[in-house]
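Trainee: I grabbed these lines from Swiss-Prot:
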SIGNAL    1-23  signal peptide
TOPO_DOM  24-812  topological domain 'Extracellular'
CARBOHYD  27  N-linked glycosylation site
CARBOHYD  48  N-linked glycosylation site
CARBOHYD  54  N-linked glycosylation site
DOMAIN    140-249  domain 'Cadherin 2'
CARBOHYD  344  N-linked glycosylation site
DOMAIN    362-466  domain 'Cadherin 4'
CARBOHYD  553  N-linked glycosylation site
DOMAIN    571-673  domain 'Cadherin 6'
CARBOHYD  773  N-linked glycosylation site
TRANSMEM  813-833  transmembrane segment
TOPO_DOM  834-1347  topological domain 'Cytoplasmic'
REGION    1031-1050  region 'Disordered'
REGION    1057-1091  region 'Disordered'
REGION    1097-1116  region 'Disordered'
REGION    1325-1347  region 'Disordered'
């Protein structure tokens, strides 16, 4: 039961809320022509008003239809039930909505007021009137006449007048039918853009006016209603003569606007139509179509001849806002032209607003009587204002003329409710005459007024009135109870019992006060405390004895005066502040908050720091603490002091609190790497390392604390193809993939260490150099790589000094070797033939060479030469190949001219592709000034030693030998002699760094001299024989020195560097051979050439003495036992013919001695590269070195004499010197043995690949030499006694089978750091002549890989 009652109450409240929300609308649908007393709807149910119980209302619910006096309503409503019924008035849609377009709905609206005021609502009810088929379609005339020319084509169509049906929709015209057409004509129905159906007559057979000139039939029209209605008309077709051109309107659709107050006769529009015919057939007749409404025909006139449309009667937009005029233009034919004229009648403010007053409160003699105590918002009447104008002209506002306690509240468009806006007072105003004004927004505006009268009924509505509206009283705290404060009084305008007043304390009065009921005296009954309550605000009531009684109130404000009875109170007994250590001096540390319950000066607190602490200050008023010092958490982490608070009372009170300031760490330290210690350290990573192995660990520390000291690691650059990964917490660098040959070399990994500090994280970076190789044997070289790599920018996935392995370049080397060898053999053969025929032209060619240009790179641009693997194998042309021929010959003791066992080492190498970096002569700046001399053409020496004077040993008329006087020092440093553009500048302008660490190595060279023995080197004086220099190197059985006589066992090493490209530095000779200029030599020449066709040059075109051209006069070294035979050709007269004045200042240039450049194919015929040592070795001075070291010296030879070098060893440390050359020559490999080892060099053969066999017994320095045997017939013989204690000599059964992974360079520590970069030695295969271990009399033969 409770649940049901609760639901009912909720529904009632919901209904009240709905009704309280404002006006409502309700829509109903009715059909036209409905009979009387038909139930339309029930508002009580439709608006859910049945949920409101009648017992909660003051009066019963009523429904009142609000309509204008004089109107005949189409509906009525039952006042008690809210049911809506039809009345006896006819509901005719066509009449009610005559002015509404046919395609719009027809509505009828009424308003219903729901009473009483508790639930008052004004409901607007809209009735949608549905059309019924109560009208039949009718033709405009019962007889329709139409003319058709006799030559009309079959299926020609002629428009017939359309029928009109006042009904709409399906009840309108739907179909046309032709009756008794005799199959001559047919009928078609088309729909116009306006939605009207137009009948068209179709000619189905040929017409002949002479045979029959008139056809009579019937046309029937039907609607779609139920029941269906129809009508017929007689159609008379007249066959006329031919008129084959129809009129054509210039514009078929015209829209015009005309104001509704336009006078009669005003032109609306001018129609223009043309006809291509002539004569009578071209005369156009204008007429309205029968579809034009009668109203339009009444208002507009169409001139049949000119087509001018004018106003026939005054227009009224309120009656019809627009008109559609369908105009036909006919030339007498059956196909008139059609044009639609849309006339929009614009509004003119010509209608005065109307005011319609519909009373909700029943008036008495047109006067509404209201009680003065009626509630606010009491609805009095519904005011409706209308204006027939449109837009702003029809926008009406309604208002009253002066201030009254009533207002107009809009509920619908142009409808207002008159209701009370204030309480009525009979004593002030007893009657109201309200003037209502309605005005539109036109220019000028039109207005209308109406009067409404209201009388006020008197009631007991006066309450007592206090003489003071606000009472203020003050009293000190700690008072005595019973003190009287004040007296209040009030008056009442009423009389009698209604004027008798009683005083009462209001419900908000505190218990500390009491009030006398009759006198109004206010008294304090308790002791007051201002700290508990500093003021009291309450009301005092004055109540009369009326029925019902009326009351009024006055507000009393009691203020408590403060006394200093409280000490200052800190918000905390102890304050702890946390400040960052980087807080600036005098920054804000914190705020001390102190309260004092007292008021005024008693609560004015002053703060100070006790104990005279000068480290901090405190604002005495705000309590802000600021430091006078700079914090450093590492020195002191906290500070403690006391703060005193003292109030400003007459007798002051104080208190104190402890303050502790804690210094908090800030992220002011970057992580610092301790491992690796610097960017120059490196770590070895073996290529065989398994993926997932930790290859290195970086360690960084942060001096901060907490999260500011937490370090995270990441790789931010230099990680080639993600080969490495790093653990962000431990710093362990892990190898992610298996290393292949492409990964060998130095990897520069950029590691970033950042802390987790907030708000900004700090970081540091370090370069971790990871060297991927089998071992670290040349630390100096790696350090140099690392040093130079620091100068290169670090980009993502950067690999520094990529080391190409023999395995990855094996195919490339083989292709280069085959192509180079075959090409050089063919070119040398052709060149040998051609050069024999070109001797007369060489002089002119030499002069042309003087005009060659020399380029000089900037020595300041030191760049790390990056050796990167080629993505594609280039086709090696002969000009990119250089063949190094090394002939090591052993002369029989009994026959110095014997050609016995010889081994020729043919060393093909593509230095441009595999070894030497290309120098960019376009982008590299030079140090030349525009007006400076060409220092590249001179070789000025800064050495204090005098230049050598070469004494010729052959006649001066020899045209194959040119000797230049060169200084002792190396004043020329070049990048490489076989690159595309070899540097040929002097030292101050030369390239400062020509090293290629990844592909070269070098060995220090020192000469061990002894006191004079039996053999000395003969001085270089003119003689018929070759000049010979003998150098004693290690003890041998005493033999008589016989020069080149029998019984003298010696080892000859001859180096020949035939020119392989246009960039080669060696000269190809000067022309045909002169027999008289040659010295006697007994050994075979390289590539099997005849002696007379092989030419050498004493000084290559781009070399100086420092590059290996030792002066022949420096060959006198006294006290040498063994000798290296050096044949020096005499100089020629042309040596100084071309010298200029600049030569006296800057030194001799190439123009003094260099011949003109020859054809590259022919110049490769007989090139010989001079193998020279640095200045100390090329001079004639005697140098004494430590006994264990025995070196072999490579000295320059002058062409065409083949030079020989005797290779000897000292007893305990069997060491072989490096055939070392200063740049840009390609240096020979070093055959080195560590001192404790008395082992010989091992010449090992690796069958699988043409790899270089390691010729070394020093484990930390595994040098590799790669040698190829030439395809020519030359050979080199190795004496078994060449090395003593040859325990390590490898035979076939002891060959190194695993040499496929050997490198033909080393990365270990450089043995000679002061020298320039180490040069490349090409690959060579050593093969024994026999399968067995060679005996003492046999020597292994070094053969080229059989490609």
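These residue numbers are counts, starting from 1, taken along the chain as shown.
Note that Cβ sites are derived from N, Cα and C of the backbone, with glycine treated the same way.
Structural setting of the listed features?
Mentor: Listed in sequence order, the residues of the same chain lying 6 or more apart from residue 27 (N-linked glycosylation site) and placing their CB within less than 8 Å of its CB are 125, 126, 127, 128.
Residue 48 (N-linked glycosylation site) is surrounded by 14 other CB atoms, counting those within 10 A of its CB over all protein chains shown. Secondary structure at residue 48 (N-linked glycosylation site), as computed by DSSP, is coil.
Averaged across the domain 'Cadherin 2' (140-249), the predicted model reaches a pLDDT of 88.
Its Cβ taken as reference, residue 344 (N-linked glycosylation site) is surrounded by 12 other Cβ atoms within 10 Å in the chains shown.
Annotation note: residue 553 (N-linked glycosylation site) sits in a strand segment as assigned by DSSP.
Of all Cβ atoms in the shown protein chains, 22 besides its own fall within 10 Å of the Cβ of residue 773 (N-linked glycosylation site).
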Trainee: Between residue 48 (N-linked glycosylation site) and residue 773 (N-linked glycosylation site), what C-alpha distance do you get in Å?
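Mentor: Cα-Cα, rounded: 96 Å.
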Trainee: Just to verify a number: CA distance, residue 344 (N-linked glycosylation site) to residue 773 (N-linked glycosylation site), in angstrom, no decimals.
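Mentor: Here the two Cα atoms lie 97 Å apart.
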Trainee: Could you give me three numbers for the domain 'Cadherin 6' (571-673), the DSSP helix, strand and coil residue counts?
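Mentor: Going by DSSP assignments, the domain 'Cadherin 6' (571-673) contains 7 helix, 44 strand, 52 coil.
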Trainee: So how many of the residues in the domain 'Cadherin 4' (362-466) end up helix, strand or coil by DSSP?
Mentor: 4 helix, 55 strand, 46 coil
Trainee: Where residue 553 (N-linked glycosylation site) and residue 773 (N-linked glycosylation site) are concerned, what is their Cα separation in Å, rounded?
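Mentor: Distance (Cα to Cα, whole Å): 104 Å.
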Trainee: Report the DSSP secondary-structure composition of the domain 'Cadherin 2' (140-249) as helix, strand and coil residue counts.
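Mentor: Grouping H, G, I as helix and E, B as strand yields 3 helix, 55 strand, 52 coil.
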